[in-house]
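Scroll down for the structure; my scribbles are underneath it.
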Amino acid sequence: MKFLLLCVLLGAAAAFDDDKIIGGATCAKSSVPYIVSLNSGYHFCGGSLITNQWVVSAAHCYKASIQVRLGEHNIALSEGTEQFISSSKVIRHSGYNSYTLDNDIMLIKLSSPASLNAAVNTVPLPSGCSAAGTSCLISGWGNTLSNGSNYPDLLQCLNAPILTNAQCNSAYPGEITANMICVGYMEGGKDSCQGDSGGPVVCNGQLQGVVSWGYGCAMRNYPGVYTKVCNYNAWIQNTIAAN
């Protein structure tokens with residue numbers, strides 16, 4: 001059965017096996033200025049700021065109304081760098097399939113533009129698709145344990161490589177579409193997890209992945225699966241232009 005990396009925390013219970021960072025370390029403050037926390041009274045997913053008014057996240061993180069929290073590091077404290085902006089539009093890809101998680105991508109329009117500064121900034125969309133072996137930065141406030149739960153207040157970072165299509169398909173036979181990539185370690189121990197869903201995978205300074213799904217978290221032979229953002233440049237640009 002497919003366990004989604006959905007950071008849906010209802011009290012102490014996660015509704016799905018969501019992706020959170022396991023095996024990483026606390027990020028340096030403001031070192032990931034493009035990451036946002038999606039909030040509906042609690043942090044439930046991540047996202048990436050791509051313009052001063054648009055955020056990319058995962059379609060499985062959809063809610064009709066979202067508060068986007070920018071400039072966050074410690075999500076339990078007010079640190080003076082935060083901007084909280086409500087969504088004015090939340091647009092899932094029309095081809096999103098909630099069973100296969102194909103086209104697991106969505107755009108959020110902010111009700112007002114963010115103020116860009118050292119703590120809040122955009123990440124470029126990909127100029128092309130990154131090759132297997134490329135090292136990428138994954139970040140989020142998701143679960144840090146593969147067994148049990150520990151949701152950190154401080155943003156976590158993990159460097160991990162893009163895996164080959166062969167490795168990805170061998171881990172998940174028949175489940176990987178052309179719109180997915182695997183990132184991580186076949187030996188396990190380092191991965192995204194519940195609560196990281198929708199968050200960024202940035203390779204060579206460009207947004208190449210969105211945290212999507214996986215079997216458990218950080219399990220041997222089951223790397224994390226991510227939406228392949230380089231396939232969606234036209235959809236992103238056209239959607240922004242039309243809205």
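Glycine is no exception: its Cβ is also placed from the backbone N, Cα and C atoms.
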Answer for the disulfide partner of Cys193 (Swiss-Prot, candidates Cys182, Cys203, Cys217) is Cys217
Going by Swiss-Prot, the cysteine from Cys157, Cys168, Cys182, Cys203 that pairs with Cys136 in a disulfide is Cys203
CA pair Ser197 (active site, charge relay system) / Cys217 (disulfide bond), Å rounded to integer, equals 12
Same-chain, non-site residues whose Cβ lies within 8 A of the Glu72, Asn74, Glu82 Cβ center for Ca(2+) are Ser37, Arg69, Gly71, His73, Ile75, Leu77, Ser78, Glu79, Thr81
Other C-beta atoms within 10 angstroms of the C-beta of Ser197 (active site, charge relay system) total 32
Min neighbour Cβ count (10 Å) across disulfide-bonded residues Cys27, Cys45, Cys61, Cys136, Cys203 flags Cys27
